[in-house]
Structures are given as C-alpha cells and as structure tokens.
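Input: a single structure, listed below in structure tokens.
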Amino acid sequence: MKKTSNLLNSDDSQTHPLLEKHVKTLDETIERYIGNFGWAQLLQAIVVSFAWVFDAQQTFISVFADAEPAWHCIDPHIESCNSTMISNLCKLPRNSWTWNEPIQTSTVSEWNLSCLGPVIAGLPTSSFFSGCLLGGLVLATLADSSLGRKNLLVISCLTMSSSTFLTAFSPNIWIYSILRFVTGFGRATIGTCSLVLSTEIVGKSRRDKVGIIGFIFFTLGFLSLPAMAYFTRGSSWRMLYILTSVPAMIYSIIVHFMIYESPRWLMVRGRKEEAINTLKSIASPDFYGTNNNILSISLSGIDISVEPEQRSTDLYSSIKMLWDKKWAFRRLTAVMVVSFGVGMMYYGIPLGVGNLASSLYLSVTLNALSELPSSLITYFLIGTLRRRSSLLFFTILSGVCSIMCVVIQEEQQGLRIGVELVSFFSVCTAFDVLLIYTLELFPTCVRNSALSMVRQALVFGGIFSPILIAAERGVDDNGLLSYGVFGLVIFVCGLFVICLPETRGGIICDTMDEEEEKAKNIISEAPNKQILVAHV
C-alpha cells in the first residue's frame, strides 16, 4: 500500500485532479475514472439487456403454440353435438366436429392433445419450467467461477435458440417436450447473466436504473408475441418458433464479438490486466486526455482478497460460500421466500385473467401492457425507493387486491378486472425491485449465483400456479383456489423482507469480507445515530 501511495503522489496525480484521493475499491474506480454512465456503458447495457426479449418470448410462447383452438359442429342437426358442453369435447364422435382454425395452428389440434388428459397436454409447459429449474441449479455458478457473465450468456442464448429452432420440426409431443426442456435449461440463466453483466459496468448511482432496462425489454418481448401470433394466425405453430429462434442466434454472435466481460468479475478472478483493458475500452477518451496510465495505477492499488473457495475448481464453491456464511444464508433464505410468493402470483394471475377479453391476442396484450408502466415507474423511482419498504408495500398490495377478487361478486365484472390489474401491476413492480435488491445484497464473487437461486425460487413458485388454476376448473368457488391462495401466499412471504437490510445508495462489494465489513460498520454506526437523534 505504501508503494501505491507513492505512485499516487507522483506527477500523474498532479496532472489529474481525480487522483488526489486514493481509490480503495473497484466501485470507486469505476465512478472516478470512467464516470457513472457513459455512452459506451449505455451501449453495452442496451445490447446485453436485449437478451430479455428472447427470455420473455420463450417463457410465454406456449400461450399461443399450445392453445386449444375453438371448434364447431360439422352438422348443426346433430343433437348430441349441439347439446354437449365444450369440456365434453372428447365424448363426441370425431367426425361430428372440427376445429375453427387449420389443424396445424396449434400443437393441441395437430396432435389431438385435448383427449389425452391434462398431464400429457400440459407436459410441454411443465418440461420447460423443469428445465428452467435444473438449468438454474447447474449453470448458475459457472458465471461466478469459470465461464464468467459474458460467456455464459452467449452459451445460454445459443442453447436456447438452437433448441427452439429444432422444436419447430418436432414430429410428436414427446420430442416436443424434450426440446422444450432443453430450451428451459438454456434459458434459465439468460436473465440473470444479462442483469448482472449490465449493472457491473456502471457506478452505483446508475446501477439500479440500468437494471430496469432489462425489465423493459422483457415487457417488449412479451408484447411481441401476440403481435407475431396475430400476423401468423392460420399458419403453423412451427412458424412462431422459427421467428423467435433465428434472431436469438444472431444476437448470440453479436454479444460474443461486441460485449466486454464484467471488469468486477475479472478483478475478483485475479485477471487485472483484462479488467484494466475493459475499463479503458468503455472510458471516454476525452476524460483521460493523454494520461492513459492513470487507470492502471489506480487498479494496481486495489487489493481484492478472494476466498480460497472461489479460486478452487469446484463449480459450486460460490453456493458453498453462501451456505457457510450465516449472514449470507439468512439473506438468501429470506429473499428466496419472498421470491417464491412473487413467482406464484406473477405466473398465476395471467392464467386467471382470460376473461379480460374474448380474444386471446387481446388478453395477452393487456397482461403484457400491465408490465410496461411497472417497469417505467420502477425506472424513474428506483433511485428514491427504499428497497425493503417498497418491496413490502407492493407484495402486500398485490396480496390484498388478489384476495379482494374473491370477495367481489362476478356481477361487478368491471371492478373485479380493475382490481386484478392492480394486483398484477403490483407484483410486476415487486418483481423488478426484488431483482435489483438482490443485486445489492450480495458481493460480486457470489452475486450471479445468488440472483440465479432467487430466480429459481420464482420459477418454483410459478409451477404451483397452473396446478391451482386447473384444480379450480369446474368448481364454483369464485376464485378461492386461485386468487385467494395467491394473495395469501404473497402476503405471508412478503413479510420476510423485514429480515433483510436496506441497500439503497450503498456501495456494491466484491468479496464476502467486504460485505461483512460493511455490515459491521453499519451496526457500529447505529448507536451513534440513535444518540444524535435523541439529542435532536
């Protein structure tokens, strides 16, 4: 450190005023020497965040590809056909009815899945989410250990897009389900890597807003689905998979050649030269002038002590670090419980609001549009929102509105739909804040793994949603099994936010030791603050 101090007092410090104060952390280096948010950083954040478009498309594509088309009687004079409800479709002779659309418009009509039972009909969707769970557990730590954020993002996008393209040529439901599983496996870490990589390149004052860019792209990806499905209506469901896979393949190539690796991750892994080159590449030339060695001197004085576990070849060392540290385990447990409740509500509500419009395209569009104001509001207010209190507020509001849907009578349909939209808007906002909050709760060496675990808890909560919706069909309980349970679960799970510390405006740490030291400083300062308040 003494040698570094002498370097900082050399002619370079006299020619550049920003070196007057010694920089101790990488967070301070990014803010002092490349600025909070430059054009190069903005470009990287936009390109990386665009991955959320493909993430959303594959998450909700089954809404159209696996939809059950409407049908009608071939001969209106057939009494049994006219008197039978739609739910009894399988009891009719096959030659007495036909689909309204061409048979290839949906997997349900092409492979006649309606009469194979709910388990077979729902197998592709279940396979996709099972792949998401397994992929999140298997691939999560690779971004923190050997591959890094960028490489895992490229591999995940290629895996997802390739399997999506092959899905278009599935000959039967079994191959289709296997390929959907592989798609979910590859998709599992795309959102996580994109969010972490885009936020680790900017200073703390812009980090939260950069994270929201990904959420906006996710909404745009969600909105693109009904548009593509509408303009390809009457065509084969296979066309939808081709249209969503080819752009994702091209995107993977662009990311490989255009995007830089996270300098934080490079520093934690001991690759300082690469970190320096990355930061120089995204820094403004006008900011430095001719002092190109300023950044190198600054980074040479940063001493990042990386735990031996992280240096090991064990791919799951970051999970072990989260498990061994009591404070990290408590944080991860609490935030995963909250994520479970948010996931059940987030994936559950769209399944129960089909009555918002008679058209499937319009219904999905309304659901997607509910996310857009949530992302925009979070973007403009995240800098002033206290993470813990805002997350608690939106989870409780979503839960209360969901329970109100059970209380409101069906005759008040307009009011019920309005309350449903408020509930979905609230859970979307809670979703956005939760991911930003998770980024700030954990240091660089385990951040991707922790965020991935939180996202898997979200998906795990989503698995229970279609089960509750399916169990409610044919039962006149006014939404008790769906909205009632959703509201109760997110209400209870949201209370676990109280166990987490506030992170707004704090410094993002790179190692577990830094995070522990920061927590100790906050605790040690608390009594002094209380004394000052008492005197005031």
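Cβ coordinates are placed from backbone N, Cα and C, and glycine is handled just like the others.
Caution: TrEMBL annotation is automatic and unverified by curators.
Some features that TrEMBL has for this protein:
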type	residues	note
TRANSMEM	33-54	transmembrane segment
DOMAIN	44-505	domain 'Major facilitator superfamily (MFS) profile'
TRANSMEM	119-140	transmembrane segment
TRANSMEM	152-169	transmembrane segment
TRANSMEM	175-198	transmembrane segment
TRANSMEM	210-231	transmembrane segment
TRANSMEM	237-259	transmembrane segment
TRANSMEM	328-349	transmembrane segment
TRANSMEM	361-382	transmembrane segment
TRANSMEM	391-409	transmembrane segment
TRANSMEM	421-442	transmembrane segment
TRANSMEM	454-471	transmembrane segment
TRANSMEM	483-500	transmembrane segment
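Highlighted: of the candidate stretches 119-140, 152-169, 175-198, 237-259, 175-198 has the greatest count of Cβ pairs under 8 Å to the transmembrane segment (210-231). Taking Cβ pairs closer than 8 Å, the transmembrane segment (175-198) reaches residues 44-45, 48-49, 51-52, 54-55, 58-59, 62, 107, 123-125, 127-136, 138-140, 142-143, 149-150, 152-153, 155-160, 162-164, 166-167, 210-211, 213-214, 218, 259, 261-262, 435, 439, 447-448, 451-452, 455-456 in its own chain, all 6 or more past its ends. Sequence-distant contacts of the transmembrane segment (483-500) (same chain, six or more residues past either end, CB-CB distance under 8 Å): 330-331, 334-335, 337-338, 340-342, 344-345, 348-349, 352, 387-388, 391-392, 395-396, 398-406, 420, 423, 427, 430, 437, 441, 461, 465, 468.
Regional average pLDDT for the domain 'Major facilitator superfamily (MFS) profile' (44-505) in the model is 80.
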